[in-house]
Amino acid sequence: MERQVQRLRQAFRSGRSRPLRFRQQQLEGLCRMVQEREKDIVEALAADLSKSALNAYSHEIISILGEIDFMLRNLSDLASAKPAKKNLLTMMDEVYVQPEPLGVVLIIGAWNYPFVLTMQPLVGAIAAGNAVIVKPSELSENTAKLLAKLLPQYVDQDLYAVINGGVEETTELLKQRFDHILYTGNTAVGKIVMEAAAKHLTPVTLELGGKSPCYIDKDCDLDVACRRITWGKYMNCGQTCIAPDYVLCEASLQDQIVQKIKETVKDFYGENIKASPDYERIINLRHFKRIHSLLEGQKIAFGGETDEATCYIEEIFGPILPIVPVKNVDEAINFINDREKPLALYVFSRNNKLIKRMIDETSSGGVTGNDVIMHFTVNSLPFGGVGSSGMGAYHGKYSFDTFSHQRPCLLKSLKGESVNKLRYPPNSQSKVSWAKFFLLKQFKKEKLQLLLLMFVGVVTAVVVKVNQSSVVVTKAKWPRKPKLLQEFADFWSKSLKL
Amino acid sequence: MSATGTVSEPSLGMDSFDSFEDTLRRLREAFKAGQTRPVEFRVAQLQGLGHFLGANKQLLQDALAEDLGKSPFESDISEIILCQNEVDLAIKSLQTWMKDEPVATNLLTKLSSAFIRKEPFGLVIIIAPWNYPLNLMIMPLVGAIAAGNCVLLKPSEISKNTEKLAELLPQYLDQSCFAVVLGGPEETGQLLEHKFDYIFFTGSPRVGKIVMAAAAKHLTPITLELGGKNPCYVDDSCDPQTVANRVAWFRYFNAGQTCVAPDYILCSQEMQERLLPALQSAILRFYGDDPKTSPNLGRIINQKHFKRLQGLLGCGRVAIGGQSEESERYIAPTVLVDVQETDPVMQEEIFGPILPLLTVKNLEEAIDFINRREKPLALYAFSNNSRVNQVLDCTSSGGFGGNDGFLYLTLSAMPLGGI
């Protein structure tokens, strides 16, 4: 494994992944892969999660295509140097922040959306100019195998590689040195990843999970709310990191909500949910058993039927939606704040003030108001967690930035050395006043100020060399003294001691 | 700005590690109650910081002189003024920084409003180093306060005199939201066992790893400002005196104890021969015949580092300087030549007034040399032609200075960080 990482590092060092044209070609290769092999991808997802072709396309494939399209359209803009505001001292210099690739990036995927959660970060890492190792989750076996087979056929094999394996292989992989690690998964393993990263001081982006609360206000269209929540909750059989995990509402609403969700589930999946092609399955037996045990001792309002043979579960995390009654919004807010910060927060209400209040008084990775999940689809919004739901973010520009180093650059010329005498020892108090002036004033590009600067530059050089009388004469020539010039006058009288 | 503390607080708002748990709890509760959120509160705290700097300027200069032999000039331009500037900038820009950032929506979400909300993390701990003990404590503090967090400050115990002044800080801030904690490595280790919502650490890579490992246990996001050996490439096309002036100034500032100082020079043999007299001339001009008596040259922070640096003086050959005086922790502005890559002076960040010159055949060899080593915090290249850009394109570093030293730090519009 060390050899593989070394190989990628050498390839990165050669500089091949940097030119924009190369990055574009790789991204186009990825795009072709998704389009040409759609059938294979959909089959793998069906095998792993019983995902229907339609769901696979709308949940996973569309996001990738959107992300690739974004990168291709914006690559030159994202990768270009961004000029920064100068101060007086650096007025004539080039001042900018240059985005650069980090080096070799490790992306560890998850099993619930095995395709998009490895590919979307990959798109960002490639766009930023890095070499990448992808480690898909071994739980979604078919997708993992497929990625290992397909990727080398469509992108540069020396710069991008897929490594498959279980806990042992991943642990070995984490011993190697990377320049960034993006991990999607659970909190416990997130800590292990960060600890391993600490040994090499590798920055990390951790997309973890949490219990995303969903508050339903009494002033809202319950039909619409329940429909949207049902959609978000039961998609992928509840195995979505940003699914509404539990509902908070006033007790009086509880029965209505249950009724409406029941109706919506029937609308979506039919009377016999198990037979619906749109309803997925739990990833494996271990999770099935875990979720099944959550049902024990709970008051089931509806659902609860399970079939171990096919890992079919209705309404449990996954597809279990607990409804927790609260007295009012204050109690809801306290309930949420007493717990770990979630990856997402949902609020349903016609009252915008209430929504704003919930946002103001709680914290979460992201928020969708009056809907669920959707903030994930807006790639101008950074997607990530906070607290135990994660750190860092990606999607769109944020992917590019996550996988780049923003390098500040100040390029001066070797001329103009006389101005530098200000800073060289032996020091004096007057030099401090000068330094204060030069360092602290920021400039907009206005002709008058530029002229003033040139004037100052010339006079400074002169003042350092000539005697007092000339300075006094120059000063007397000024017709009036705006504030800026007044400061000059003050400095000059002090500078006589220079 | 006077502090408002509860009755059980020690009068200086400074806590020993016994009541440490109480301090953390107090700060967390204040944050949970939403005290630090309103913009008026944040501005008031920032103004309090400004008062601290203004009211104690002389004391701060004295403390920095005691700790590091810093001249008032150095203290002003590298610490006090920069901090004041940061405070002013934050006060001026706070409303803008706090604003929700609207973003583009896609077709599916066209009828919705999409925006990014800036939120405080919660309880932030800032661990400061000893070399710019005021700057590297106050600058991150400004950011943390502006963002609406509660902050626990851990100033460096090595810069003792500045540490004492840091204890005054809570008097200028709301003590229910801000506190200072004192202690050494052991206490800091205990501190980091607790959960914070953000850790800001400035110091050595070795301790950086320890901090990150501790942060991993709580999944705490961190910013690590570490160090490295910052290379300085000098092209043949330069005027040696200009280069020497600039490099010498940045190297010997704060007696070399600057994380972004040029650590070593890479140049051709011919350039080395021209640089040496130019460096000699610059040192003479800056610090006089006997640099030990110059008020403009700082001192090494403590015995441990003094001895470490004294040891490095034996590497290669001393071309300029080389004197040292234990009682004063004084090391002369020194230039070493005939240094091998394997010498101790090239194995660790020097962090002292010693400048090794290494010769390379050409630009390619220099770039290769730089890329073989760990990515530095800063990289410098001096050239009269586009070579500077070549170095920039082929290397990686935290920041980059072309034809000058770490002046880019003074530009608050540019990010300061490592890689």
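Every residue gets a Cβ built from N, Cα and C, even glycine.
Since we're looking at a predicted model, the values are computed, not measured.
The secondary structure of B:GLU225 (active site), as reduced to three states from DSSP, is extended strand. According to TrEMBL, the feature active site maps to B:GLU225 (among others).
Spatially close to B:CYS259 (active site) yet at least six residues away along the chain are B:ASN131, B:THR202, B:GLU225, B:LEU226, B:GLY227, B:GLU349, B:PHE351, B:LEU377, judged by Cβ distances under 8 angstroms. According to TrEMBL, the feature active site maps to B:CYS259 (among others).
Look at TrEMBL and you will find B:23-419 tagged as domain 'Aldehyde dehydrogenase'.
This prediction places the mean pLDDT of the domain 'Aldehyde dehydrogenase' (B:23-419) at 92. Other Cβ atoms within 10 Å of the Cβ of B:GLU225 (active site) number 20 in total over all chains.
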